[in-house]
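J.: Below you will find the structure I want to go over with you.
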């Protein structure tokens, strides 16, 4: 039982050789077995108590409506519609962040862009000195011309070889007739062995000429193929040279915003450089990367027939920006990584947001906000819960207004004000909703509704204001606390 004693003191104070009267109001509170003792001694000040009035205000017949030590607010558990919001730290990236790297080496002769500028796909960003590459194109073109001339010459050689073959075939046909006639004349003993052998030798020589002409054609045709291969090789070199010349004009691979520009006009850039010349970020759509715990992912997978279906059914998510404001467009979770990080126990999740105003920039940060609705939630205020190590307890109130220390479990996701009870409480049960730190198991209380309790608190505060002065104290003693 808490008791409050208000004491009006009229004290004589000696200061500067004079003694005067000065009023004081003291409030002494006793609660159960604890008593507050006030030491009135003060250096260089001599106090003489000349009058003492003690009034018991809360033990017995005190003021009506003030909360006593056995009065507590009590609520009845019922189903509520709860929406809990969970936040996850997130990183913002453009849906397409493309590093721009030169494909040829050289000095930058022209810089056509500025940091933060919006560019279109194919727009020229840089120009690299192209004099060397123009010379390479001219040289490659000369090689193509030379190779094409070689092809023309090889084809002419084929024509000449065909003519030689035709001539050899004609000579072979003539020598064959001569040899056949010589055989007839020899058989009729018109000519001798010498004439026959001469005709035979001429025929065989003509046949050898035919074979030589045929071989010449094959060689000429092979030379044509080789020359044509030389043309193709020269044309490939010309194409490469032209490409390299074109690469001197570094173009944007995508539409988006220009990132930092570490290289300026006159700087030497290289195709093998590890640092890109800039980055183009397509921020028309933004991807926000965050991590969910393994427990959250498993919960989703079990409740919605697998993670893929859970993602499809997942409600829209919000984005809390770095300045604390909420982004004015909702997003959707589109995919997750295929593996859980063994170190952190989390899985990477990607949400996609429209960005028509280009407010969000790649590389920024924020927080993903996921709302969770529960239409049958058993909500209790966090003030009603005491926590001992990793366990949570409430004080249930029975029909005789006795309290019982009872363990409960709650959903780990909460809004910072209420808990959703998952076990330990049932609808219709009553619990103490505030001030539980002073309760003991089995204690009998006087149950008030939260509204009654708050009204009593307001009256107590008003009474305290009145007692802050001597005149107010006297009014309170007379029963006027207004």
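Glycine is no exception: its Cβ is also placed from the backbone N, Cα and C atoms.
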J.: Looking at 102-136, 137-171, 172-206, 277-311, which stretch does TrEMBL describe as coiled coil?
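T.: It is 137-171 that TrEMBL annotates as coiled coil.
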J.: What range among 21-48, 49-76, 217-244 does TrEMBL describe as coiled coil?
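T.: Among 21-48, 49-76, 217-244, the range TrEMBL annotates as coiled coil is 217-244.
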J.: Can you name the far-off residues of the same chain, 6+ from the ends of the coiled coil (217-244), with a Cβ under 8 Å from a Cβ of it?
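T.: Same-chain contacts beyond the ends: 103-104, 133, 136-137, 139-141, 143-144, 146-148, 150-151, 153-155, 157-158, 160-162, 165.
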J.: Mean pLDDT, the domain 'Multidrug resistance protein MdtA-like C-terminal permuted SH3' (377-436)?
T.: 92
